[in-house]
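Have a look at the structure below before the remarks.
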């Protein structure tokens, strides 16, 4: 009698597959394990099942991809205002990942790559938009500073270092990196000094744009492995950048004047449109009329502008928007500081006039949302320093006088209220 469960007969001679029951003579290979045997046919069958499941997952990737409306809703949770930019980004990102899905199928129509250019003042939310997109889509994300980049062979970072940073974010998983998002900040700082080609070599301006061309359009970049130059004998990793979404951002100070000059030239003499002082448009409204020729005039080379077909402009944040940024988003600064104080068992309250005072201060400094944390950190520094050593504190209150530096945060103790700073106790 044969014991098929153990893969042996009573005599201990003939072996059987524990899954399909075939003997060792009916299959090419029988692999032994602890009290179990598996034949090559069952191994191949398992591989086929796994392969089919992976194909089903990749074919349904488009179904799992958030729709533009859903992408916009998530952006609304973290970014205040900038409705036009959110809509442009939602559509561009959706189409980009639909393009990657279509790329795996053979079709007559080949979808071209649509990288994104974000134009807006400092602190308007360019970086936060890109970060939120990457976090929502669960793809690798890295930020590169264009001002540190130079042409290959010169002192500074090579453009290939951008891809290496992306690989580091996903533990050198090439497949994941090839679907990541790269945000290149301060791209306006690599504009050439004049719109006429320079005789001298511009290694940190036009040279960087030239170096970025192929990377952004889609090429196979050779990136050193984890060891880098310490292990030169290792083979370089080959990364196809065709599926990587590149988002370039910059303040482009003075671009509004370039746009105005172009629009004013369009109407001279009797056909000129005369505008009163009241009809003067804001910088944000002017930037919405940006054309590729304006970017070329500003200092970007035509080929580089052509690689960034999707352009989204962001408006300068007003006082009300800054107040909302302080308190409304999921990870708003006020909520973050309230969480820190809550860990000490203390309630932190910001009054409405305090939030407006912080917003006005940020506007005076022209730092946008980026300067809000600096202001709050300065205001709460002494309180956060002394609070862990204090007892019986129930609440800390901040009003506009505290923001203006006229007084310190009010400390409310258990069963009594005292108007004194944490540092005075």
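Glycine too: its Cβ is placed from the backbone N, Cα and C atoms.
Copied over from Swiss-Prot, here are the features:
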BINDING   17, 20, 39, 42  Zn(2+) binding site
BINDING   121, 122, 123, 124, 125, 126, 127, 128  ATP binding site
DOMAIN    5-58  domain 'ClpX-type ZB'
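Checked against residue 17 (Zn(2+) binding site), the binding-site residues 121, 122, 124 differ in C-alpha distance, with 124 being the nearest. Same-chain residues with CB within 8 A of the center of the 17, 20, 39, 42 CB atoms, the Zn(2+) site residues themselves not counted, are 18, 19, 21, 22, 27, 30, 37, 38, 40, 41, 43.
Residue 125 (ATP binding site) falls outside any helix or strand according to DSSP and counts as coil. Note on proximity: among 122, 123, 126, 127, the binding-site residues of the record, the Cα nearest residue 39 (Zn(2+) binding site) is that of 127. Comparing residue 125 (ATP binding site) with residue 42 (Zn(2+) binding site), their Cα atoms are 54 Å apart once rounded. Averaged across the domain 'ClpX-type ZB' (5-58), pLDDT for the predicted model comes to 78. Listed binding-site residues: 121, 123, 125; maximum Cβ neighbour count within 10 Å falls on 125. Highest Cβ count within 10 Å among the binding-site residues 122, 124: 124. Around residue 126 (ATP binding site), the same-chain residues six or more apart in sequence whose CB sits under 8 Å from its CB are 118, 120, 185, 249, 314, listed in sequence order. The ATP site, placed at the center of the C-beta atoms of 121, 122, 123, 124, 125, 126, 127, 128, has further neighbours from the same chain whose C-beta lies within 8 angstroms: 120, 249, 314, 368, 369, 370. Sequence-distant contacts of residue 20 (Zn(2+) binding site), defined as residues of its own chain at least six apart whose C-beta falls under 8 angstroms from its C-beta, comprise 39, 41, 42.
Classification of residue 20 (Zn(2+) binding site) by DSSP places it in coil, neither helical nor stranded. Packing around residue 127 (ATP binding site) is summarised by its Cβ count: 16 other Cβ atoms lie within 10 angstroms of its Cβ, all protein chains included.
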